[in-house]
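Before any comments, here is the structure.
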Amino acid sequence: MELATNTKSIHARDVEGGTHPKSGDGIVDDVVEVDFSKRAQWLRAAVLGANDGLLSIASLMMGVGAVRNDAKTMVLTGIAGLFGGACSMAIGELVSVYSQYDIELSQMKRVGWTGTAGAEEMDEMERKLPSPWQAAGASALAFAAGAIVPLLAAVFIKDHKVRLWAVVAAASAALVGFGWLSAKLGKAPVVKSSIRVLIGGWAAMAITFGFTFTSL
């Protein structure tokens, strides 16, 4: 019992003195794990948003390219889709995260009313709440980052068929990259995930192109 008491006293002095327990104590490991978990969630959401922007704009441009040969129409359509999609993603994320924010804030207030948490603990909990505006901005930027890939592939190419194939090639390379990164973050099989994302992207572009082409 005396040894346990002394151990606790030493640990308390270490904390007050600014030193940290070693990794084997289990405390630092837990903190690092939580931080990396939150970071992985943000990165995975960013990858999914970029993949959404890439596939949406590439498919949209392929659909327009099926009926119009000029680069200007194809690129302007892609730019309009970029801004529309980014705004849509931002607003959707803002509403979703604000709903989560309100729910967690109400729960915090209930905890405060019951007196089970102190003032400092409540302040710490409030600082950890998700930021709706930050989430909205990150979602819009991720969508735009993915959407810019097919636009850059098409904007400088005059030949119609070459432009279409350039969009497909650029989108395919980016899809493989996003699939690889998403698999790494989710600890899933890399090859299988990349192939699945690539085939899904090809299917979306082919369906959009074919549907528009046959509607003439």
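Even glycines carry a Cβ here, placed using N, Cα and C.
Annotated features, as they stand in TrEMBL:
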- 11-23: compositional bias 'Basic and acidic residues' (COMPBIAS)
- 1-24: region 'Disordered' (REGION)
- 42-67: transmembrane segment (TRANSMEM)
- 74-98: transmembrane segment (TRANSMEM)
- 135-157: transmembrane segment (TRANSMEM)
- 164-183: transmembrane segment (TRANSMEM)
- 195-214: transmembrane segment (TRANSMEM)
For this session: Count the Cβ pairs between the transmembrane segment (135-157) and the transmembrane segment (42-67) that lie under 8 angstroms and are 6 or more residues apart in sequence, then report whether there are at least 3.
Result: yes
Problem set entry | Recorded stretch, among 74-98, 164-183, 195-214, maximising Cβ pairs under 8 Å relative to the transmembrane segment (42-67) | 195-214
Problem set entry | For the transmembrane segment (74-98), distant same-chain residues with Cβ under 8 A (at least six beyond the ends) | 49, 52-53, 56-57, 60-61, 64-65, 68, 130-133, 135-144, 147-148, 150-151, 154-155, 163
